[in-house]
């Protein structure tokens, strides 16, 4: 296999794992070897009025130089409506050539279904509920990242304006997932500089249970406003390729100024690829719970405009 093909294959696998973690039962594998998948998308998961199935096949050249081959399956999707939606998906691809775009495609389709639902049933009760939900979503995006009881770092020679960067951020712990005696648990902290990354790790390792974990996989993304780039990195901690997959999930979800650590306690039974699914699910659950996931529009803008990423330190390919 050529080096380029190997790179595309790894990126595809990471995207497939991330999509499975994000969409759960909505994501269906049609043919694993041929890379054919189906995503069931609806305007409302609990009470769907409009549903569409997006079937995709990932060619070897995707995401580098070719788009996914896709079909839009819905009995009601015809004529101009089908043309408009296809044009929207192709526009997203053109804006993000070389990037993983399945998440952006799914959420664009969901947006279209939600708009269709609002247009076809503009009853006052439905409209009012939607506005309330929209307001809640807006509130969720505003993050209170300031620690309530910050622990001061000792003897740092810094200016007063940078004091907050030297405080230990608050650390949240997710709900553990257990499978065949292996347990996975995610930990999350807001971070704005690499020093805080080290402080969070040091604090977690003070906990004897976390320190005794078989692996503590982590990834972080810090947005540098002045350079409009992301400072990001990851660590496998012995679980080969897990850090890269975790970072890829965070890129797809377009999270910033946050660090996620996933601890795994190995129970003696090999889990195979399921271990990556659990690591991703743990990470996604805590990112969603703490309101770090952004809207699809913001994800699209971030992928299109902020493609520059610099790694904290040079690291060999996972």
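Placed from the backbone N, Cα and C atoms, the Cβ positions cover glycine too.
Among the residue ranges 265-291, 292-318, the one that TrEMBL annotates as region 'Disordered' is 292-318.
Mean model confidence for the domain 'RWD' (14-116) is a pLDDT of 88. With DSSP states grouped into helix (H, G, I), strand (E, B) and coil, the domain 'RWD' (14-116) comes out at 45 helix, 24 strand, 34 coil.
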